[in-house]
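Written below as structure tokens is the structure these notes are about.
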Amino acid sequence: ADYTFKVAHTNAADEVQDKGLQKMRELLEEKTDGAATLEIYPGGQLGDEAQLIEGVMLGSLDMSMTSNSLLSNYIEDFRVFDMPFLFPSISALGEKVDANWDLMEDSANGSGFQLIGVFSSGIRHLMTSKPVETIDDVKGLKIRTMQNPVHVEAWRAYGANPTPMAYSELYGALQSGVVDGAEAASTGYDGMKFYEVAPDFALVGWLNMTAPVVMQKAAYDALPENIQTALMEAGQEAARWERQYVEDQEQPLIDSFKAEGVTITRPDVEPFRKASLPLYESELTTPGQKKLFEALTAE
Amino acid sequence: MSDRSAEHDVSRVASSAVWKGLSMMLWTLRRAVDGAAILLLAYMALAVLIQIVGRYVFNYSIAWSEETATFAQIWLALLGAGIAMRHNQHVGVDVLILKAPLAVQRVFNIAAFALGAWFLGVVVVGSLSMVAIGMMVKSPALRIPLAIPYSALPVGFGYFLLEFALSSIPRILRPGARNAEETGI
Amino acid sequence: MIWAVGGFLLLLVSGIPIVLALGIAALVAIELTTTAPISIVAQRVYGGISSFTLMAIPFFVASGLLMEAGGIARRFVALAGALVGWITGSLYMVSVVTGTGLAAISGSGSADTAAISAVMVPEMKKRRYDIDLAAAIIAASGSLASIIPPSIVMIVIAVTANQSIGAMFLGGIVPGLIVMAGLMLGAWLFARRGGPAYRDGEAFTFQRLGRTFLDAAPGLLVPVVIIGGIVGGVFTATEAACVALFTTLVVTMFIYRELKPRDLPRILLKAISLSATVLIIISTASVFTWIIATQGFPAMLSAWLTGITENPIAFLLIVNLLLLVVGMFMESISAVLILLPVLLPIARSYGIDPVQFGIITALNLSIGLITPPYGICLYVASSVAGRRIEQVSRRIWLPFLCMLVALVLVTFVPAVSLWLPSVIMK
Ligand code: NA
Ligand code: NA
């Protein structure tokens, strides 16, 4: 191929996000008759998420796929996607993304990135070592969150004692009781076998998490137009495919947890959603963030 | 040179004054680095302790304690690399080279110095663009500029380079000498 | 790839610090084989070191040095002497047992190695033990941390292989105990022929045991706090390292009163430079790892391996050899991340259990921790013992042989790794 793009992410090889990128490679090769292709580096081989994004900025990596909660440190407008209870489902998220693509692309361009596709990393629920039936059951629980202030504040608002901790320490921390639970997507709950140590799974769906694929704007601009078009089409089509895949996978996964002896609960999410509302005010402060927020939440 | 003694003496006095000034600066720099490193270690320990105490005693976790402790660790490791260079504590295999003829040793020492300085210099220069990015990007938890941890790279590797040069020069001038200081507890 | 490894080997014998040899070799390979901007080197150096869990290293190193300076280590050794002082080569035994104990409470081999070295080496020097063998045995005991749970490497393996972390942890226990028993036996055989230095000469008495125990009791608080805290779910392994540091400070300054505030800066500075030599190697090795990953080495390996053999036993032999060589040069976690996704599907196609394969990988990489040129436990042990790598390397064959025997057992007897998880996890 004349154009080989190195794309890296930190999910395991053959996890959904990796499959999505494989799909994108297939589409890109098809659209360019093999003139362009992707080289996929899974599993954090090329570094953690912050390094992947900075690799793209510095030109040592062509594309990165990272969780939005990290990318939003670099593309401030994308902080909007870190907000809890923004979209009821992954397909609802997908519709809003497709409808507001130009606006999101502008946001990315403003920070020196080209947005290629918005993948999903699933809807995040709550895993614990005792059943959570209502928001009151969360009170006082030590819940592991990512090192992201929005996540920390959200769980504080739900009444928990949010405890940021390295993901690699989480299994042991759940096992020994350093934390009482953690928020996670069902894919993570399954992949890391967290159900062995936190056998209660409350479907709160507090965060619909995205994984945008980005490229350096200058590198993108330097490409011939046909390659640019093929990249954008392949990226967005693959993202649509991947989002559907994640959504389709959700129910069978939850069923499989039951077979592992997991107690599934469905707490009323309305109190969680209400407790999240003040965050929209306190966390989205710039004009760009407000504009994107309004566009994405408009009826 | 030797017959123009008056001039020579003047330049020698001047150079010894310069030398004194330089070694005074070096001494000050080293004390500052040592002090900073101890403060960093103390900070890391306190930050982690506060995290544990906060979780249990106050039922409140501080989001930024882990982040700032990690930043402190990066500074500590990179400054520490230079301190270890000063004490010749970095591990190396010099048993073979010490058996070689002195001329060969000198060539190897010069090449090793040049290559080592190249690597350390590349890190220093390459990290400047990271620091530039870090001016604009904020850390996830505390939202302080990432330039704060990133500048540990140019500073730490710059200091490493200085100590590497200071330890290499005598080895180039007088090959055959073993490391001056044995490590150990 | 060839450039990187070849350049590294040449640089190694030039006497330059290994951290620089690693960096230079990677830099040469980047210049020759990629178009990546040179800032990638700085990025990877930063990435290698930006990890909260690595913080256990400076904490455990500092706490080990304080234990030694503040009289805890001396009392521990006295107690151990009362316990097993009648066995030939008792201090080697104590090191191995301490190593296994620490392995069971920490995930990081280099931190364990540092802690044991700081405590044991001064005593062994005083009693004129073979210090090179001591460092080699301590390095091997420390390397047990990645086989005996909890283990950071095993968590990474389990996640990469999509296996139960619990099963992987349980699978490591028996192989870990085999290595421990082998190390004690090997040390005993060596010490038996080693002369009077290895015989304490004091017979076992309960009086002596009681006296040394009472004297060591406040110091025993340190492991009690650590083990109790981790098992009881009070804190993570990294936090435990920090608690260990504070507990040591309290015991040595306020209970034994052997440590004076004015001693602190000197000891802490030593801990800082010792742990920095380890951290900076981890950080520079990640540049090396990056170039290997981007050069498509994993894909080449997969094609080559499936091309040469269809026999599972031959495959496992080749994999062991390969991992041993990789372990010589590479840092464990990077090696897992790069190699396991390539090797595991092939292993599965031969019908090898993924948990067993994970343990084989972990054990190979722990052996890598004690083999030169890149063996972090070996570095730490040599460095704290004040010996050169090549001096300690002359004695490394003994622990190496013990671990190799364990590796052969794990490779060819599936029950060694699979029995315990099958009994406990059903
Ligand atoms: Na362990
Ligand atoms: Na090794």
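Each Cβ is built from the backbone N, Cα and C atoms, and glycine gets one as well.
Features reported for this protein in TrEMBL:
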DOMAIN    C:320-426  domain 'Major facilitator superfamily (MFS) profile'
TRANSMEM  C:45-67  transmembrane segment
TRANSMEM  C:76-95  transmembrane segment
TRANSMEM  C:133-159  transmembrane segment
TRANSMEM  C:165-191  transmembrane segment
TRANSMEM  C:212-231  transmembrane segment
TRANSMEM  C:237-256  transmembrane segment
TRANSMEM  C:268-293  transmembrane segment
TRANSMEM  C:313-343  transmembrane segment
TRANSMEM  C:355-376  transmembrane segment
TRANSMEM  C:396-420  transmembrane segment
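Spatially, the transmembrane segment (C:76-95) is adjacent to the transmembrane segment (C:165-191); three or more Cβ-Cβ distances between them are under 8 Å for residues at least 6 apart in sequence. At the 8 Å Cβ cutoff, the transmembrane segment (C:165-191) and the transmembrane segment (C:133-159) share at least 3 close pairs (sequence separation 6 or more) and count as touching.
Highest Cβ contact count with the transmembrane segment (C:396-420) among the listed stretches C:45-67, C:133-159, C:268-293 falls to C:133-159 (criterion: pairs under 8 Å). Helix, strand and coil residue tallies for the domain 'Major facilitator superfamily (MFS) profile' (C:320-426), in that order: 86 helix, 0 strand, 21 coil [DSSP]. No contact links the transmembrane segment (C:45-67) to the transmembrane segment (C:355-376), because fewer than 3 Cβ pairs that are 6 or more residues apart lie under 8 A.
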